[in-house]
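**Q** Please find one structure pasted underneath; my questions will follow.
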Amino acid sequence: MLVFAGLGNPGAKYADNRHNVGFMAADAIARRHSFSPWSKKFQGLIAEGTIAGEKIILIKPQTFMNLSGQSVGEALRFYKLELSALTVFYDEIDLAEGKLRIKTGGGAGGHNGIRSIDGHIGNAYRRVRIGVGHPGIKEMVQHHVLGDFAKADREWLDPLLDAIADNAAMIVKGDESGFMNKAALAVQGKAIAELEKPAQKQQPKQQSHIRQARSQQAPAKLPETGPMAAMLKKLFGNKD
C-alpha cells in the first residue's frame with residue numbers, strides 16, 4: 001500500500017489557486033484511475049484505488065496548508081506505513097511553470113505544507129514538486145501562490161496534470177526519471193503543437209443581406225434627358 005498526498009487549501013475560494021496544484025494532481029489521478037468517491041477521514045478527504053497492482057490511498061488534507069502534517073501523519077500511522085510509502089504532490093515556486101521534479105528527502109524550501117509534514121513524521125518521503133514559477137520579488141510570493149492560475153496557464157497545466165495521472169504507475173514502480181521525462185514531453189509537445197498551428201485568416205466582417213445586396217448592385221445612373229432630368233437640374237443645379 002502507498003499513500004499519495006496532494007497539498008492545498010480547502011474551500012471553493014482556493015480551488016484554482018497555484019497553491020492548490022497538489023489537490024489538482026490528486027483529483028487528476030483519482031479520475032484517470034477510477035478511484036472511489038472522496039470521503040472524509042484523517043482530517044482530510046481520501047479516495048482509494050489501484051495503480052499498477054498496488055493499492056493507493058489518495059489524501060487531500062482539509063486542515064489548511066500549514067497543518068497538512070496532522071492529516072498526512074494520521075493516515076500513515078493508521079495504516080502503519082513507513083515514510084518510503086508516501087508521495088506528496090505540491091507547488092514549487094523555485095521551478096519554472098510547467099517544470100516537474102521528484103526527490104526524496106531534503107528541506108521544506110519555504111513551503112509551509114512540507115514544513116508541517118516534516119515536523120510531524122520526518123522528511124524521508126518522496127516529493128513531486130510542480131513548478132508554478134516565481135513572481136520575481138519575495139514580497140509578492142504569497143499573493144502569487146494564493147492567486148488563481150490564469151487562462152493562459154491551462155496551456156501547460158492541463159497537459160502536465162494529464163501526464164501526472166497517466167504515468168502515475170511509474171511512481172509506483174519507482175521509475176522517477178521516466179516519470180519526469182514523460183511529464184516534460186507532455187508539456188513540450190503541447191507547446192510545439194501550439195506553435196505549429198497555422199495562422200487563421202481573418203474572416204471579413206459579416207454584413208447584413210441588405211448591405212451585401214447593395215454592394216453587388218451597380219451605381220444608379222441619373223437620367224440625362226426628359227422631365228426627371230429637368231427636375232434634378234432644378235434641385236441640384238447644372239454641374240456642367
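Any Cβ shown, glycine's included, is placed from N, Cα and C.
According to Swiss-Prot, the site 'Discriminates between blocked and unblocked aminoacyl-tRNA' annotation covers ASN9, on the basis of sequence analysis. Taken from Swiss-Prot, the feature tRNA binding site covers TYR14, PHE64, ASN66, ASN112. Here Swiss-Prot flags HIS19 as active site, proton acceptor, drawing on sequence analysis. Annotated site 'Stabilizes the basic form of H active site to accept a proton' per Swiss-Prot: ASP91, in sequence order, evidence recorded as sequence analysis. Summarising the annotation, Swiss-Prot assigns region 'Disordered' to 196-227. What Swiss-Prot records for 209-218 is compositional bias 'Polar residues'.
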**Q** Counting Cβ atoms within 10 Å across all protein chains shown, which of the recorded positions ASN9, ASN66, ASN112 comes out on top?
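**A** The most densely surrounded of these recorded positions is ASN9.
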**Q** What same-chain residues, at least 6 away in sequence, bring their CB to under 8 Å of the CB of TYR14 (tRNA binding site)?
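**A** Correct list: GLY8, ASN20, LEU146.
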**Q** Which ones are near PHE64 (tRNA binding site): of the recorded positions ASN9, HIS19, ASP91, which have a Cα within 10 Å?
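**A** For PHE64 (tRNA binding site), the recorded positions whose Cα atoms are within 10 Å come to ASN9.
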**Q** Could you list the residues of the same chain, at least six apart in sequence, whose Cβ is under 8 A from the Cβ of ASP91 (site 'Stabilizes the basic form of H active site to accept a proton')?
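**A** Residues satisfying the criterion: LEU7, ARG18, HIS19, ASN20, VAL21, GLY22, HIS111, ARG129, ILE130, VAL132, VAL145.
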**Q** Around the tRNA site (TYR14, PHE64, ASN66, ASN112), what further same-chain residues have their C-beta within 8 angstroms of the site's C-beta centre?
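**A** Once TYR14, PHE64, ASN66, ASN112 are set aside, the remaining close residues are ASN9, HIS19, THR63, MET65, LEU67, SER68, GLY113.
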**Q** Just to be sure I understand the packing, how many Cβ atoms besides its own are within 10 Å of the Cβ of HIS19 (active site, proton acceptor)?
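**A** 23, counting other Cβ atoms within 10 Å of HIS19 (active site, proton acceptor).
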